[in-house]
């Protein structure tokens, strides 16, 4: 199972039912809607289509609303474009004017108060660089030197690297978009241009007013956000490392180190983190990714990201399906090369000690030591699954929850496969429900060893306190085990010793009522022994011990109830017999 999650931006190239189905089948876990573009009507159509297709495919796909944020842009230019030439001067006005090579205006009228002489102003993702030469507060104009030539079109982005700006946390448009998202029951809000904790709290205030349980992921895109990351994470559910504007706001050579640090801080807190922007950018135009892009995706996974994101590649590119498949293949390859033992050791040192974390550590270590097939987390809120995920176990994590909302919010968490299953409240019912659901996913089958973890008493969130090692399979009989061995073989039911004569016993488990000295030569050749006679001093027990053969004695009506020529597993340590192959300890 692929563990790293994939976020896909839905746009003109991917909004059809046919393409969304292809993206889901290729590996999309979360659909991102960019509210910098499009109307509420357009986005509602996309949400409805995503949910319709996901339901038809019986897949869980979450929806992420990405706000436009309090960005700064230029106003319109004369004839839609102007040419700025290096060495010339240009005036940036706080009053809206039609842009010319001599003067243009910006949407942020407080820019004049935030910058100072010597500050840099970057236009159109940094393609044009200006340096402030003079500030005229009376005219509301900033005179700048043009440091490099370029064309400037309408409504291009403006960045102020190293400048603390006084933009609001969210705009009125953002607030309207968030209320729309609440109405449409989106799962995540990615908050653009977050600089301080108060920006996140403004969004939380809107969510609390509407009693909405939506996770907030601030996008860190500037130096101020980087500087305040610890305080921002305290009030956030996760994080998006938005490397586009970040690479303009800070020197590009610093972006890789900042990415690693932001991911590490999220890992430490067990909060999901998305790495975004230009991951497979060339696939907007080409059917194959570059080697550098493949390395970028893989290294983000090695850094510890929970999810990787596609933007223009799926929203407007020529090869949206191929981009998702490429992302999936890189993720699977990177995960296969991980040293999960070292990863667990590193995470154990990184994460702070607590009662809940102690369970997570125990589950992850036990899963590694016993090589269990899956970890089944019965969870109301998703916290159990997230707690285990932070330790990056090699085993699959199956999150069984009665809540569709919780299942969708687990779609962003590394290594977690969410499954919706209504269940009863008792502990026994919870455990049985978890095992049955895990089998239904196809990730585990009879004979697999799994770990079940949950909170007891059931129905309460944040109480993860139980771990159970469980063997999936049909137990057909039990008795007193002799020795600690286990064996898998085909049954041979023998009412008398004559039933064993002339038989090849090398792959057989002998099932009989009792034995005497005439049975011994045959038992020596068999894989295992099951008998009805009781006691550790019985002939069967003594022969089993002396010959080192896995044996279970005291099995009631063994000859009658266990069929001939059936593959079984004997677990002598537990005194149990399972039908088929069972991965016993």
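These residue numbers are counts, starting from 1, taken along the chain as shown.
A Cβ is built for glycine as well, from the same backbone N, Cα and C atoms used for every other residue.
The structure displayed is predicted, hence computed values, not measured ones.
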Substrate binding, same site as 32, 244, 245 - Swiss-Prot member from 67, 74, 277, 290: 277
Secondary structure of residue 67 (K(+) binding site) (DSSP, helix/strand/coil): coil
Candidates 34, 36, 67, 277: member of the binding-site residues with the richest Cβ shell (10 Å): 67
Neighbourhood of residue 35 (ATP binding site) by C-beta distance under 8 A, where only residues 6 or more apart in the same chain count: 43, 65, 66, 67, 68, 173, 174, 177
Under 8 Å by Cβ from residue 244 (substrate binding site), counting only residues of that chain that are 6 or more apart: 125, 221, 276, 277, 278
Candidate with the highest Cβ count within 10 Å, taken from the binding-site residues 73, 156: 156
Cα proximity to residue 156 (ATP binding site), best match among recorded positions 32, 219, 245: 245
